[in-house]
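Chemist: Marked as transmembrane segment by TrEMBL: B:38-57, B:63-83, B:104-124, B:130-147, B:159-177, B:183-206, B:227-248, B:254-275, B:287-307.
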């Protein structure tokens, strides 16, 4: 048998709070990037995107 | 093992076993790694670079490009802090930064800075064009590799040559909205480039002890304070007439001409004072006055161009239109 798997670190309450804040910040940044790329795509397509034969 | 090693405390990251390491950094520490004040200056100068190019750019594309340029600048600041953490730890001005203070590990800063560098360059290429992306990549690489890793600890011309990295944002912004690089943005780049030495050397005169402790060959430490004062005055005497060049080239109007001339006289007066007053508290005060006013000088020049090209206040100087 190999060495036992390392135990995950026990996080203090302050550590958990900091990790949650970092996770929220990353989520907000990713959400903003999605929105940014959507808006930029629409801007690059321009109004002519709607002008097509039906 | 004891519970003390299991519980992650607020110690510096490198002290922990790699397998158990969990970040101690707060969100504001990661924001501090991006040097927000430098980022705001980059946004300001890049915005003016966009306005003087007069390219017919979509405002959404322009705003998104500006954001990516700012993120790229922040990323290079982060990588600079990663590389210079040993220097930052011994200088009073920088020892509370996240890495020397132990709140962020060097590996975290390296990963964060690299991810943002690559991300901002790719995003700028997709949003605007690949010329702008290439210029942003060059700016980041120049600041991190040429300035931070090379020039800073090697030559007293470190901030002269390295100043190019801080001067390029208007050029990157011009390329982002116009797809090319025009003379106005190149003039703005040269203006920031010439402004950098008197600005930083004024600070270095006062903080020379700090720089000596960190082993950085700043001009006052290598050539001495007197030679630095001569260089400050010489650069200022070149900078101020150069600051009037936008007027002769036609993209600086009446407002810019007045602001540039008056604030330029202020720069010369303060540089002359630094040159003249060489001892005691008054010498340090004169240097800090020049340092503070140089920030205002650059801000005023760019604000005047912003007002003329962004708010429609441009009136050509009679005889030069």
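Yeah, the Cβs are placed from backbone N, Cα and C, and that goes for glycine too.
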Chemist: Test the contact criterion for the transmembrane segment (B:159-177) and the transmembrane segment (B:287-307): 3 or more CB pairs under 8 Å, pairs 6 or more apart in sequence, then answer yes or no.
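Modeler: Contact criterion not met.
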Chemist: Among the recorded stretches B:130-147, B:254-275, B:287-307, which has the greatest number of Cβ pairs closer than 8 Å to the transmembrane segment (B:183-206)?
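Modeler: By Cβ pairs under 8 Å, B:287-307 leads among B:130-147, B:254-275, B:287-307.
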